C-alpha cells in the first residue's frame, strides 16, 4: 500500500513507523570511577550500494531544484512578455478603444475574483461537512527523527497535495495529522495558508487523540494479511508517512501489531498486478481512498491514481512485458503483468 519512491517520498505499507526504543541506556546509577563511560556505537559506514543510491538521490534533488529554478524564470519571462504585449496593444489603439479594453479587462478580473470566491466558499462548506460526518483518515507523523531534512520536505509536499486533492473532492474525507512535532511541524508551517487548513493538527499520537476508540483504528499496510473490502465510516484509517528509501521495511506493520490495532491492505492485487512492489506514496494512497469514497469502485480508483510505470500494461505485441522506468536496456526481471481478470 503506502510507500514507494514516486514523488520522492513514501510510506512503508501504508502504516506509520514505530518509535525505536534505545536499549541499554543504564540503570539510573552513575558509573563508578573505575568503569569506562559508555558511548553510542559509531554509525556504520554506508555500503557501496547505499553510497550509489545516496549519490543518485543527491543528483536527483539537484536536478529537481535546477528545473524548478528554470521553470520559475520562464514563468517570470512569460509574465513580462504578456505585460509588454498588453501595453503595446493599448498604445496602438485610439483613446476610446483603449478605454473599452481597460473596462473589459476590469470586468474580466472581477468575474474571476467572484468565481474564485464562490469556489472557496464551496470548498469551505464541503470540508466543514466532512469535519462532522466525513471518513476519518489519519497521516501519522511520529517519525520525523528517522528522516533527513530533504525526506521530511518530500513528505510535507505530499501532505500539501493530499489536502489540495481532498479540498476538490465532492465527498472529501476528514483529515488528521497526528504526531505533528519538531522538524515536521516546522516545515509544515512554512506552507502557504497552513494555519487556515480545515484539517485536524495534533501534536499527540493517534492512540491518544482517539482514546477510547482503539477498536476502530485500522492501519493500512501492504504487509497486512487482511484485505480491505470497503471503507467503513465508523473506522479511522491510518496512513503512515515515511520517506525512508527502503531503510525500514515492514516497520509500520510491526508497530501496529505491538499497539494491538487492526491492520489491512488495499485490494490492489484483486484488480491489477504491479510492475514492482505494491508500495505507494502518501498522496497516492490518500487519493485512492478519496476516489473510492467518490465512486465506491476500487478498480476505478486504482486505475485513475496508480501511475502506469508502477503497474503492468499489456504489450501491443501481446507479451505483456513492461520495462522499469529508467532502464536503458531491457531488464531480465521484466514480468508479464496484466490486469487481473474478474472472477
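Backbone N, Cα and C define each Cβ position, glycine as well.
Taken from TrEMBL as is:
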COMPBIAS  1-12  compositional bias 'Gly residues'
COMPBIAS  30-43  compositional bias 'Pro residues'
COMPBIAS  58-82  compositional bias 'Basic and acidic residues'
COMPBIAS  316-330  compositional bias 'Acidic residues'
COMPBIAS  331-343  compositional bias 'Basic and acidic residues'
DOMAIN    123-313  domain 'SAM-dependent MTase TRM10-type'
REGION    1-82  region 'Disordered'
REGION    310-343  region 'Disordered'
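The DSSP breakdown of the compositional bias 'Basic and acidic residues' (58-82), given as helix, strand and coil counts, is 25 helix, 0 strand, 0 coil. Mean pLDDT for the domain 'SAM-dependent MTase TRM10-type' (123-313) in this predicted model: 90.
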